[in-house]
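Undergrad: Found this in TrEMBL, in case it helps:
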TRANSMEM  22-39  transmembrane segment
TRANSMEM  45-64  transmembrane segment
TRANSMEM  93-112  transmembrane segment
TRANSMEM  124-145  transmembrane segment
TRANSMEM  157-175  transmembrane segment
TRANSMEM  195-214  transmembrane segment
TRANSMEM  247-272  transmembrane segment
TRANSMEM  284-305  transmembrane segment
TRANSMEM  312-332  transmembrane segment
TRANSMEM  338-358  transmembrane segment
TRANSMEM  379-406  transmembrane segment
TRANSMEM  426-445  transmembrane segment
Amino acid sequence: MNMGNFGIQNVPKSKTIGLMEYFSYGIGDFSFCFIYGAIGSYIVFFYTDVACISAATVGTILLLSKIFDGISDMLMGYVIENVHSPLGKARPWLLWMAIPYCAGSALLFTVPDLGETGRVIYAFISYNLMATTIFTSMNVPYGVLSSVMTNSQNERSILSICRASFGALGVFLISSYAPDLVEFFGGGAQGWQRTFLMIGLVSIGLFWFTFYGCKERVGSGVMEQRTGKKSSITLKQGFQILCANKYWFIMLMVNIFYTAMTSLYGMNLYFAKYVIQSEGRNRSMMMCSTFAAIIVPLLIIPVVKRIGKRNVALYGGVGMGLLGQVILMLTAETSLTAMYLGLILRGMGVACVSATKFGMIADSIEYGEYRTGTRAEGFVYSAASLGVRVGSALASAFIGWVLGAYGYDGSLAVQSESAMRGIRIMFYYAPMVVFLALLGLLAFYKLDREYDGIMNILNERHRRQEMERA
């Protein structure tokens with residue numbers, strides 16, 4: 001049934017999402033998370049210990065870059081709403097930007113022979129080229145894609161779970177095996193550059209697989225193709241739509257704290273190297289943190305359908321996350337077994353949030369349409385993804401600032417007692433603050449139980465508009 005100017009349609013059974021399309025969508029985030037995981041797990045270490053840039057300078061570079069990154073997210077939302085392609089609204093960006101993504105991956109992990117000041121300038125430019133420009137131009141449309149593939153709350157939940165599971169697998173592989181690949185390709189700065197050139201080449205094929213395997217069925221882009229009438233939304237209209245959407249704001253904040261938590265995984269390397277004095281333990285610590293994120297999303301599909309995305313994120317995600325963090329605080333330096341248990345539980349908690357948050361963001365698009373009468377997938381998702389940039393920036397910058405304030409020096413084999421205290425603060429207490437913030441935010445998210453009623457109102461509104469046009 002045609003749902004009118006708002007670009008929503010009931011999808012016939014024959015056109016619902018199949019297994020291969022779920023797989024194709026998930027593969028996209030698998031590829032994104034090679035770089036996302038590398039930035040979260042290794043970028044501070046790469047800059048401090050390979051490029052030999054001071055920790056405080058690294059923190060400032062990342063914070064300034066993420067400010068630009070947040071602006072680029074909003075601009076990309078505007079571009080998505082106003083660039084019209086016969087290939088769709090979201091899909092074509094995965095086709096167009098895959099090759100630049102490959103080049104940016106290698107440049108991000110390159111150390112030029114330019115002296116200390118030159119390396120700082122290069123780090124700032126290359127980071128913004130990759131993260132602010134190329135990554136944004138692909139990742140924001142990819143996020144929009146799930147909202148235009150279907151308007152079914154259940155199918156969006158499964159898409160979100162597929163994205164989370166495949167994304168976690170990508171993070172797991174890059175977090176666990178990047179050091180081995182670096183050594184395989186010659187070690188040092190050369191090894192890092194070659195590793196991420198290879199990863200970029202693989203990513204081209206994966207992004208194109210997602211492009212060809214996914215189909216846009218609903219949304220304003222589909223309506224434009226059916227009617228031949230192109231719509232546009234100004235930046236001012238976009239901000240007005242967002243300001244009227246309380247659930248978008250909640251998910252923006254959830255994204256900030258969730259991404260801060262995943263960025264704090266980077267402290268595993270410092271904790272392993274300096275606190276328990278076994279750098280090799282970093283791999284097993286990363287495996288505990290991320291392996292749960294691969295399995296948990298697949299196991300919670302029936303639970304999400306029964307109790308809703310918000311309840312899984314709140315009770316499963318925050319609950320297990322807090323429990324795991326308490327175990328780490330009490331036992332990480334005295335028992336490896338207990339430390340691994342804490343990391344697994346914390347990873348399971350983070351996975352529950354990851355597996356549900358994308359579907360919650362997609363659902364907020366309908367809420368925004370219900371409140372304002374305008375559907376704006378690009379603006380809603382790009383603004384929500386702003387939380388990813390802000391969270392990553394704040395966490396990465398805070399790591400650099402705290403370590404710098406406590407006297408951390410990446411060129412030293414043994415850190416001072418003050419630096420060790422800074423490492424412990426970021427490993428033990430920062431994640432606890434994040435989980436408590438998520439607890440407060442998710443308590444106010446009620447859209448799961450309101451969604452069906454909102455869709456009924458929207459459907460009736462669209463039906464009346466169809467009658468008026470007829």
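One is the number of the first residue shown, and numbering goes on along the chain from there.
From the backbone N, Cα and C atoms, a Cβ is placed for every residue, glycine too.
For each listed feature, how buried is it and what is near it?
TA: Under 8 Å from some Cβ of the transmembrane segment (22-39) lie the Cβ atoms of residues 94, 101, 105, 108-109, 130-131, 135, 138-139, 142, 145-146, 149, 158-159, 162-175, 178, 196, 199, 202-203, 206-207, 209-210, 212-214, 392, 396, all in the same chain and six or more residues away from its ends.
If one looks beyond the transmembrane segment (45-64) by at least 6 residues along the same chain, the residues whose Cβ comes under 8 Å of a Cβ in the stretch are 109, 111, 116, 119-120, 123-124, 127, 188-189, 192, 266, 269-270, 392-394, 396-401, 403-405, 408-411.
A Cβ distance under 8 Å defines the sequence-distant neighbours of the transmembrane segment (93-112), meaning residues of its chain 6+ beyond its ends; these are 28, 34-35, 38, 46, 50-51, 87, 118-119, 122, 126-127, 129-131, 133-135, 137-138, 141-142, 189, 192-193, 195-197, 199-201, 203-204, 207-208, 210-211.
Taking Cβ pairs closer than 8 Å, the transmembrane segment (124-145) reaches residues 25, 28-29, 32, 35, 39, 43, 61-62, 64-65, 68-69, 72-73, 76-77, 80, 89-94, 97-98, 100-101, 104-105, 107-108, 110, 207, 210, 214, 216, 358, 361, 377-378, 381-382, 384-385, 389 in its own chain, all 6 or more past its ends.
Sequence-distant contacts of the transmembrane segment (157-175), counting only residues of its own chain at least 6 positions beyond either end whose CB sits under 8 Å from a CB of the stretch, comprise 17, 22-23, 25-34, 36-38, 40-42, 146, 149-150, 199, 262, 265, 286-287, 289-291, 293-295, 297-298, 300-301, 304-305, 309, 351, 354-360, 362.
Residues 41, 154, 157-158, 161-162, 164-165, 167-169, 171-172, 175-176, 265, 268, 271-272, 312, 316, 339-340, 343-344, 346-348, 350-352, 354-356 of the same chain, all 6+ positions outside the transmembrane segment (284-305), place their C-beta atoms under 8 angstroms from a C-beta of that stretch.
Note on the transmembrane segment (312-332): residues 254, 261, 271, 276, 300, 303-304, 338-339, 341-353, 355-357, 360, 427-429, 431-432, 435-436, 438-439, 442-443, 445 of its chain, located 6 or more positions outside it, place their CB under 8 angstroms from a CB of the stretch.
Note on the transmembrane segment (338-358): residues 143, 146, 156-157, 159-161, 163-165, 167-168, 251, 254-255, 258, 261-262, 284-285, 288-297, 300, 304, 309-310, 312-313, 316-328, 330-332, 431, 435, 438 of its chain, located 6 or more positions outside it, place their CB under 8 angstroms from a CB of the stretch.
Beyond the transmembrane segment (426-445), the same-chain residues lying 6 or more positions past its ends with a Cβ under 8 Å from any Cβ of the stretch are 247, 250-251, 253-254, 257-258, 260-261, 264, 267-268, 270-271, 275, 310, 313-314, 317-318, 321-322, 325-326, 328-329, 332, 346, 349, 353, 360, 395, 398-399, 402-403.
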Undergrad: Cβ under 8 Å to the transmembrane segment (195-214), counting only same-chain residues 6 or more beyond its ends: which ones?
TA: 20-21, 23-25, 27-28, 30-31, 34-35, 38, 91-92, 94-95, 97-99, 101-106, 108-109, 138, 142, 145, 149, 174, 178, 181-182, 184-185
